[in-house]
Amino acid sequence: MAGVVLVFAALCVAAVFGQSDLPVTQQCLGCICEAISSCDTSGSCAGDVCGPFRITWAYWSDAGKPTVGGESPEAVTAYSNCARDTYCSALAVQGYMHKFQQDCNNDGKIDCDDFALIHKLGGYGCKGAAFPGVYGERYLQCKAIVGGVKP
């Protein structure tokens with residue numbers, strides 16, 4: 001069910017912003033979500049991370065502070081409401097990747113592997129890095145199941 005919700009959210013994001021403006025594909029978003037939280041859409045926060053993409057306040061801010069339902073980005077609840085909302089958190093991932101997209105693994109292209117590394121390690125921490133631990137295992141397993149995840 002979480003995968004269906006995520007695909008729907010990705011389609012909504014694509015419809016609002018136009019597919020060409022979005023660096024991350026639906027399949028890639030799904031694998032990042034699966035790797036980071038098993039796509040837990042329960043809306044929970046734990047420590048400094050919230051939602052199915054386990055977004056921090058700084059990540060959300062770097063992503064352009066997207067909000068749910070026209071809420072002011074300056075509202076106290078804006079970050080947590082967005083991070084816990086499947087649509088808004090997917091939009092935050094897109095915004096973050098738009099800002100920080102780069103060839104982390106030096107293979108000559110920017111693709112889902114790079115986006116997955118950026119999501120986990122940050123926009124300044126992915127260069128030459130390997131996929132860390134369980135996150136990496138889950139991401140690579142999802143990528144194998146989905147079959148050739150594109151950017």
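From the backbone N, Cα and C atoms, a Cβ is placed for every residue, glycine too.
Quick look at what TrEMBL lists:
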type     : residues     : note
DISULFID : Cys28-Cys112 : disulfide bond
DISULFID : Cys33-Cys39  : disulfide bond
DISULFID : Cys45-Cys50  : disulfide bond
DISULFID : Cys82-Cys88  : disulfide bond
SIGNAL   : 1-18         : signal peptide
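Here is what falls inside 10 Å of the CA of Cys50 (disulfide bond) among the disulfide-bonded residues Cys33, Cys82, Cys112: Cys82.
Distance from the CA of Cys82 (disulfide bond) to the CA of Cys39 (disulfide bond) is 15 Å.
The most densely surrounded of the disulfide-bonded residues Cys28, Cys39, Cys112 is Cys28 (count of other Cβ atoms within 10 A of its Cβ).
When the Cα of Cys45 (disulfide bond) is compared against those of the disulfide-bonded residues Cys28, Cys33, Cys82, Cys88, Cys112, the shortest separation belongs to Cys82. Residue with the densest Cβ environment among the disulfide-bonded residues Cys33, Cys45, Cys82, Cys88: Cys33, by other Cβ atoms within 10 Å. Around Cys50 (disulfide bond), a 10 Å sphere centred on its CB holds 24 further CB atoms from the protein chains shown. Here the Cα atom of Cys82 (disulfide bond) is found 20 Å from that of Cys28 (disulfide bond).
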